[in-house]
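> One structure, pasted below without further comment.
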Amino acid sequence: MINKLTLPENVILGEAVSKTFTYAKSQRMALPAVNITSSSTANSVMSVAAELSAPIIIQLSHGGAAFYGGKSVSNSNHQGSIKGAVSAALHVHAMAPTYGAHVMLHTDHAARKLLPWIDGLLDAGEEYYRQHGKPLFSSHMIDLSEEPIEDNIETCCEYLKRMSAMGMTLEIELGVTGGEEDGVDNTDVDSSRLYTQPSEVAYAYEKLSKISDKFTIAAAFGNVHGVYSPGNVTLRPEILRNSQDHLSEKFGLSHNPVDFVFHGGSGSSAEDIAQGIDYGVIKVNVDTDLQWAYWNGVREFYEDRKGYLQGQIGNPEGADVPNKKFYDPRVWLRKAEEGFSSKLTDICRQLNCESAF
Ligand SMILES: O=C(CO)COP(=O)(O)O
Ligand SMILES: O=C[C@H](O)COP(=O)(O)O
Ligand SMILES: [Zn+2]
Ligand SMILES: [Zn+2]
């Protein structure tokens, strides 16, 4: 890349979010958005972001945030997910400069029943803004795609107003992502709902842009969460191009006016991803493939060192030899991190997301 991105801080917030997305479009690149569940996975993202000079999005689902804070913490009134997500964000604010990583902080799907989670995060975010003069999170997602579009967009407009006061970005969803997301099972949803209509994108764009230009749209083009055997998922990225062309014409806008988000990135072909980027995708969500890579790091380590992992004492070198240096979590969890980081490196390269700084 010839042009370089200059950003004021390691956590990409406020205007720097828009600047990064504009840069991504100009370079035909997209940012990976990685679901994290622990400091181990957050640190792995930061290390790859620094190593590749790639801007990466760290995101937490409602369940991922609860796990981050600890599963034994009560999640009544979403407190576990609120406190867990805040804790993850504070960790990233503290460590991103040390890594030299440039990352955004985002929360994933929030259906209406999860809006109290977002309310709690915005309360915490406003408090953080008062103290630090900057937002705690770069952006949140509100996913009311199950609802009539009028209800979806009306609620999103309310949240965009509140978030705009802190310069935050909102991600919305139009059309349904198949598979499962945060406890919502979309595996049997009518297939027509998996393809967003250009008129829906135009409706959302018109309403939201009256409030702020800081929004992104997860439009459905056949995407599904999870990884399935070949032939089960048919992506139609041209759906995105049709929406872009429709908006350019209807509102007299330049080429690819919308910032699109590609959900269900795992298991997608290089061609579908490249086409999505051509049609204005600037964020690609990847969870399942990285879950596998993290686990596979442990699996390979176990296969390789099986004889040293059957008890505290006794291995192929002798019945009395201790195995502490094999079952220490810093050894095998590090293998998970290495597997995760290696896969994330491949993903960044596939998204043309490296050497940005
Ligand atoms: O879209 C996602 C998170 O919102 C991730 O989807 P995958 O797990 O299919 O990569
Ligand atoms: O919604 C999809 C993401 O993969 C998050 O999944 P999760 O709710 O299991 O954390
Ligand atoms: Zn959804
Ligand atoms: Zn998703």
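Note: Cβ is positioned from N, Cα and C throughout, glycine not excepted.
Just so you know, TrEMBL annotations never went through curation; they're auto-generated.
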> Among GLY226, GLY231, GLY318, which residue does TrEMBL name as a further dihydroxyacetone phosphate binder in the site formed by GLY264, GLY265, SER266, ASN285, VAL286, ASP287, THR288?
GLY226
> Out of ASP108, HIS109, ASP143, HIS263, give those recorded positions positioned within 10 angstroms of ASN285 (dihydroxyacetone phosphate binding site), comparing C-alpha atoms, in sequence order.
ASP108, HIS263
> Under 8 Å Cβ to Cβ from GLY264 (dihydroxyacetone phosphate binding site), same chain, six or more residues apart: give me those in sequence order, or none if nothing qualifies.
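The list for GLY264 (dihydroxyacetone phosphate binding site) reads THR177, GLY178, GLY179, ASN223, VAL224, HIS225, GLY226, VAL233, ASN285, given in order along the sequence.
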> If one looks at the chain holding VAL286 (dihydroxyacetone phosphate binding site), which residues at least 6 apart in sequence have a CB under 8 angstroms from its CB?
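Listed in sequence order: PRO32, ALA33, VAL34, ASN35, GLY265, SER266, LEU344, ILE347.
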> Translate the DSSP assignment of ASP108 (active site, proton donor) into the three-state scheme.
coil
> Might you list, by sequence position, any residue in that chain lying six or more from HIS109 (Zn(2+) 1 binding site) with a Cβ less than 8 Å away from its Cβ?
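In sequence order, the residues whose Cβ lies under 8 Å from that of HIS109 (Zn(2+) 1 binding site) (at least 6 apart) are SER61, HIS62, MET141, ASP143, GLU173, GLU181, ASP182, VAL184.
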